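Undergrad: Before I ask anything, here is the structure I am working with.
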């Protein structure tokens with residue numbers, strides 16, 4: 001799984017600036033989708049071939065006893081417990097503060113690898129910056145400027161060396177013995193553990209790896225109708241006798257790790273509750289990660305016709321950016337609707353991994369343009385020439401032509417819908433990238 005880097009520090013030391021610098025590559029990949037809710041406290045970064053998750057914990061007040069500061073401190077402690085590396089940020093311009101000492105006292109007791117980072121160090125001598133902070137007892141401070149990027153690359157490379165050294169070896173992605181990797185995600189009490197037991201059943205379990213610590217992942221390999229699957233734990237599921245129970249509190253970090261590791265995500269909602277911001281945040285991360293998706297609306301059996309209509313309208317209104325995914329109305333407890341749900345998992349995975357030949361893509365593009373031309377921007381009308389596939393999981397379609405920066409978001413969504421219809425790309429995000437050139441065939445040699 002992707003390692004987790006937690007950014008910790010008192011307010012206004014530059015955590016958000018460092019977070020934005022570490023995760024900027026992700027922001028550029030996904031266009032703003034209508035209704036998409038993002039939680040800016042969580043993001044993904046990458047150095048070379050090494051991806052990682054970043055958690056910005058907010059201002060940390062370790063001794064806060066109540067109110068919003070107490071809740072923020074609780075969330076910070078949970079993030080620290082689940083992080084592979086903690087980056088403790090202090091302010092080099094203002095020097096050591098009493099609150100820094102309180103945070104350092106707490107962090108030393110956690111047993112986590114701690115990187116002490118002195119921010120806002122631009123234009124200052126290292127010795128002058130670092131001297132004050134040695135007394136925190138966290139080793140050599142690392143001087144950076146999050147705003148200008150100075151020292152950030154070296155720091156994150158060091159942090160990733162430590163983080164990846166503690167990661168277990170993962171199975172080969174192409175290992176045929178491993179099935180489709182499924183993450184079942186959702187807020188607490190929506191029925192995740194009930195769905196797990198309905199899917200797996202005692203006789204279908206092939207292997208179960210009990211984790212050594214609460215930070216390790218559970219992978220459950222199982223078969224259903226002759227097909228292999230691997231379930232990734234997202235909810236702190238632990239085995240009790242012959243069933244799994246959710247015995248841990250909801251963990252954002254584990255949810256994000258599981259989504260990143262999955263081939264297909266099942267977003268489980270509670271039909272008897274309104275869709276929350278937390279549901280939308282989880283859904284937004286699924287889209288940003290480009291994961292295939294199926295929506296399960298659980299506890300459907302307990303609703304009358306009026307309540308069902310209301311639940312469907314709520315789903316359409318609040319999660320409209322998930323219109324590429326199929327929704328299934330199920331009862332995990334009564335095991336109804338689960339067969340159709342799993343067929344959609346298979347379809348979503350097939351769509352995410354689909355191979356799209358260049359001649360067929362180009363033909364679909366030309367037909368779409370003939371049916372509806374892109375609008376002019378001033379005197380310029382975009383010319384869309386040909387298309388090829390640039391990647392899978394999710395599918396990336398690269399369109400070549402002239403003046404493509406004039407293509408509107410509305411027309412881009414029109415093309416996406418045409419490609420989805422032509423190639424049956426249901427259940428997966430679809431990326432479209434435009435590349436303009438004077439001679440659209442110049443790079444086809």
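Easy rule for this one: first residue shown is 1, then count along the chain.
Glycine is no exception: its Cβ is also placed from the backbone N, Cα and C atoms.
Marked as domain 'EngA-type G 1' by Swiss-Prot: 3-167. What Swiss-Prot lists as GTP 1 binding site is 9-16, 56-60, 119-122. Swiss-Prot lists 180-353 with the feature domain 'EngA-type G 2'. Marked as GTP 2 binding site by Swiss-Prot: 186-193, 233-237, 298-301. Summarising the annotation, Swiss-Prot assigns domain 'KH-like' to 354-438.
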Undergrad: Select the closest residue to residue 192 (GTP 2 binding site) from the following binding-site residues, measuring between CA atoms: 9, 12, 57, 60, 121.
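TA: The smallest Cα gap between residue 192 (GTP 2 binding site) and any of the binding-site residues is with 57.
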Undergrad: Taking 10 A as the limit, how many CB atoms besides its own sit near the CB of residue 15 (GTP 1 binding site)?
TA: 26
Undergrad: Counting each residue once, how many in the domain 'KH-like' (354-438) are helix, strand and coil under DSSP?
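TA: Grouping H, G, I as helix and E, B as strand yields 32 helix, 24 strand, 29 coil.
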Undergrad: In whole Å, note down how far the CA of residue 186 (GTP 2 binding site) lies from the CA of residue 12 (GTP 1 binding site).
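TA: Computed Cα spacing between residue 12 (GTP 1 binding site) and residue 186 (GTP 2 binding site) is 32 Å.
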Undergrad: Which of these binding-site residues is closest to residue 121 (GTP 1 binding site) if you go by CA atoms: 186, 189, 300?
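TA: So, spelling it out, the nearest of the binding-site residues is 186.
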Undergrad: Quick check: of the binding-site residues listed here (9, 15, 57, 60), which one has the Cα closest to that of residue 186 (GTP 2 binding site)?
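TA: Minimum Cα distance from residue 186 (GTP 2 binding site) across 9, 15, 57, 60 lands on 57.
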Undergrad: How big is the Cα-to-Cα gap, in Å, between residue 57 (GTP 1 binding site) and residue 189 (GTP 2 binding site)?
TA: 25
Undergrad: Taking the Cβ of residue 12 (GTP 1 binding site) as the centre, how many other Cβ atoms fall within a 10 Å radius?
TA: 10
Undergrad: Taking the Cβ of residue 300 (GTP 2 binding site) as reference, which residues of that chain separated by at least 6 in sequence fall under 8 Å from it?
TA: 271, 308, 329, 330, 331, 336, 337
Undergrad: Same chain only, sequence gap of 6 or more: which residues have a CB within under 8 Å of the CB of residue 9 (GTP 1 binding site)?
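TA: Same-chain residues close to residue 9 (GTP 1 binding site) (Cβ under 8 Å, separated by 6 or more) are 15, 59, 60, 88, 89, 90, 100, 103.
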Undergrad: Measuring CB to CB from residue 189 (GTP 2 binding site), give everything in the same chain under 8 Å that is also at least six residues away in sequence.
TA: 270
Undergrad: Specify the secondary structure state of residue 15 (GTP 1 binding site) as given by DSSP, simplified to three classes.
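TA: It is helical.
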